[in-house]
Amino acid sequence: MVNLEVKLKDMILKNPVMTASGTFGYGEEFEDFIDISQLGGILVKGTTRHHREGNPYPRMAETPSGMLNAVGLQNKGVEYFCNNIYPRINHYDTNILVNVSGSVIEDYVETAAMINELDKIPAIELNISCPNVKEGGMAFGTSCASAASVVRAVRKVYKKHLMVKLSPNVTDIAEIAKAVEAEGADSVSLINTLLGMAIDSETRRPLLSTITGGLSGPCVKPVALRMVWQVAQAVNIPVVGLGGIMNAKDAIEFILAGATAIQIGTANFIDPQVSVKIVEGIKDYMIRHQVSDINDLIGAINLK
Ligand SMILES: Cc1cc2nc3c(=O)[nH]c(=O)nc-3n(C[C@H](O)[C@H](O)[C@H](O)COP(=O)(O)O)c2cc1C
């Protein structure tokens, strides 16, 4: 038997595999394909204080080894989540984390305060890194001062585990990570999407209505891995790694770079069973390498 259990501060994950926000709906969409209780946790869709329509279509485009999206945080708002979605999903035998997004600080604070009241939600993931909304979003995650200010305000009202999702669209992500750690973040997750664009040369038009959007998938993995490695060395709180993880081998690389847990995003669109396959693949790797405890692999990259 191998031990797959990891801890994000006081939050216990039965294994390090979680699904990434915006790519797994509310979990319900995947119930026909996998047993959700097999996962360490799920991150539900970006949730905002008010209902949001999202951006106009087209808002997804395939790119070499990845995709661009500009969904723009489409959701029915936090009140709808609390009253209608939470009662449907709170029986899942795994950690349910709500990805909280906003335009101004008060949005984050209000939304976090409402989620704080939900018994079966042990944590939120504060999204200060969305590149697809005009106001707020990524703007908060690209300077130490603004990242710190939103975390400080939310920390006052949110009493459970506070994970902060960082933007890769910065010069020094480790500095932002240190700034949010100093304001009381319990963990950081990275990376959100990289700002990108695609053009159809025949029509001479951009492929997305918003012209630019968020790049994800295998093409971002080397950037994500590098950032996870840098951040893991800079902070004392746990790091959750994501960006282009398609299989167990990718997941192990993030863990070796210093991630305590990982999230699977774009890969869910290709294979809805990929997350549980990755749990199995991690187990196989551990047996093959005679590692009995997953915690022994965290940050165990050999640099000599
Ligand atoms: C269609 C789509 C929607 C997304 N929506 C959100 C969101 O609501 N909140 C968020 O923090 N990240 C969102 N993301 C970013 C992912 O959670 C993840 O950070 C990113 O895609 C990188 O991981 P991946 O390469 O495994 O997909 C979204 C990504 C995609 C592709």
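A Cβ is built for glycine as well, from the same backbone N, Cα and C atoms used for every other residue.
A TrEMBL annotation is a machine prediction, not a hand-curated record.
If you look up TrEMBL, you'll see 4-286 marked as domain 'Dihydroorotate dehydrogenase catalytic'.
Of all Cβ atoms in the shown protein chains, 31 besides its own fall within 10 Å of the Cβ of Asn127 (FMN binding site). Look at TrEMBL and you will find Ser21, Lys45, Gly46, Asn99, Asn127, Lys165, Ile191, Gly217, Gly243, Gly244, Gly265, Thr266 tagged as FMN binding site.
The substrate binding site annotation in TrEMBL covers Lys45, Asn69, Ala70, Val71, Gly72, Leu73, Asn127, Asn192, Thr193. In this structure, Gly72 (substrate binding site) belongs to neither helix nor strand by DSSP; it is coil. Counted within 10 Å of its Cβ, the other Cβ atoms near Gly72 (substrate binding site) come to 22, all protein chains included.
Summarising the annotation, TrEMBL assigns active site, nucleophile to Cys130. Under the three-state DSSP scheme, Cys130 (active site, nucleophile) falls in the coil class.
Between the C-alpha atoms of Gly243 (FMN binding site) and Lys45 (substrate binding site), the distance comes to 17 Å. Here the Cα atom of Lys45 (substrate binding site) is found 11 Å from that of Asn127 (FMN binding site). Its own atom aside, the Cβ of Ser21 (FMN binding site) has 28 Cβ atoms within 10 angstroms in the protein chains shown. When secondary structure is read from DSSP and collapsed to three states, Gly46 (FMN binding site) falls in the strand class. When pLDDT values are averaged over the domain 'Dihydroorotate dehydrogenase catalytic' (4-286), the model yields 96.
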